[in-house]
């Protein structure tokens, strides 16, 4: 173990005597090095603050000159926080004594992490009320600094259910109607977490029932997450709001602080008069809650109970609230339509499958196709069908969800990428199942695979049309890899000549986009790289793949294309020791003696321990023109401007 690691470990374990021994007599420069970041990204001071070792913290700052602002990486709840200062780590862990010590020694109370999280937010996250009071009350920590998502300290306190912290922040003037980057408010966070008491507290401070970026009210948010207590309160109860300062916190005065005037019991309005819920909103909330009971809670009887109440409200007082007529019935939903009468609703008791379709229909109508939950639960229902062996229903539902995602989400959305990967894994399983069972297995048709492959190419086209190209994006590389896996599977399915032509047209569309993955890899580079195999949890295709390479070459892939290190696909095939693929590339016109950025040919990259070299004879493919080009390059003969441009490009190839 080196000295730097030993110092870090001593600080981590709170072993002050050992730390003093290790650092005693060191010069300033050596101390700076030893107190810097270790390989994991943290500093000795940062980890000591994280672990609450007050004596170690004060020794490192007072005697060793450690900076109280030096940030690094620290781990909390399985997550790595980048750019965290020591005060943030101590606040997140609830070490009040360390927090006091660091602030006395000059730490900035509002210094943020890389994601713009403050020490106050860190304390709010895990419910450290004493730290929150100290940061705000003694050091005037800014309540309104939001993280990179626009999420404030009040919002995270509400989401985590820390009632007393939320109460304290409101008393200190936290903005109750502040909106995040996605448009949600603290009320949304209460609704999503089921914190009814905090929700009542916020309403007492005149919180407004706003819609977020998806058009969701807190009422709908509670329905989506299945918090019946919130839904019931918002649509039915009419209590006075909870007093903000019914029992004043020590050292605090009136409930009107920094502009927040929250209700006392005498002046509180009934809920229905200050934030009335319309009959239509209540109906939709109950219908959506029922859908949540079907898919999330798997409680069909509970769902029926909520749907009955919604139906009663629709018919209440003789003024029927009609459901909008669907523009067309959906094959994926088995052409189901929503029930509109109490009799139709009661008939669902005998048909659980129809109930599940009702849940999907209701969710799509109320949330709309752009809400993530809409496509998520369609995919979930498809997965349940697949688990029971009903692959056809699964494929229909997943295709419908994929169309919905591509029409409503941004290109390369993680949800869309997940859909493509799920398709690839399902198709791989079905083909293996068919191979094992023969005629008893499901017939996976060309149209199923081809349809998804075409949508995958469309996703790449959409991504490349964005103002900012995806470049070396890991998500973009994964999208290309999944397309190659789908092509790999498609090669296992028999095709008619017209289907073969359609397949080649689609691959040509992909190549025409000229997409580039990691390190500038073209699809042909990726097809000859073993890393392309690792695309998900389950194996789909195996790469390098000769079949995929041949299809790409047949459709016009350039065998001499270069990545960022000037490697051709031939170089990558050589690194992966694939002589058969190398032969195919050479037959397609790849230059055997083309060199990369390190002046290596593909032949020189072959593993000498394997027999691959004996099957590839470079001199069978090297021309006199190639030898002349290499001689010019090797001897540094000036040629630019003296020969035609085509010849210049040829020499540069070598």
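Just so it is clear, glycine is given a Cβ too, placed from its N, Cα and C backbone atoms.
What Swiss-Prot lists as repeat 'ANK 2' is 40-70. Residue counts for the repeat 'ANK 2' (40-70) under DSSP, helix first, then strand, then coil, are 17 helix, 0 strand, 14 coil.
Within the same chain, residues 41, 43, 45-54, 57-58, 61-62, 68-74, 76, 117-120, 122-123, 125-126, 128, 130-131, 134-135, 138-142, 145 sit at least 6 positions outside the repeat 'ANK 3' (82-111) and bring their C-beta atoms closer than 8 Å to a C-beta of that stretch. Per Swiss-Prot, the feature repeat 'ANK 3' maps to 82-111.
What Swiss-Prot lists as phosphoserine is 108 (among others). With a cut-off of 8 Å between CB atoms and residues at least 6 apart in sequence, the same chain places 69, 85, 87 near residue 108 (phosphoserine), listed in sequence order.
The predicted model assigns the repeat 'ANK 4' (115-145) a mean pLDDT of 97. Feature annotation from Swiss-Prot assigns repeat 'ANK 4' to 115-145.
Annotation source Swiss-Prot lists compositional bias 'Polar residues' at 253-263.
Residues or ranges marked as repeat 'TPR 2' in Swiss-Prot: 375-408.
Marked as repeat 'ANK 9' by Swiss-Prot: 565-594.
Residues or ranges marked as phosphoserine by Swiss-Prot on the basis of experimental evidence: 608 (among others).
Residue counts for the repeat 'ANK 4' (115-145) under DSSP, split into helix (H, G, I), strand (E, B) and coil, are 17 helix, 0 strand, 14 coil. DSSP assigns residue 108 (phosphoserine) to coil in the three-state reduction, outside any helix or strand.
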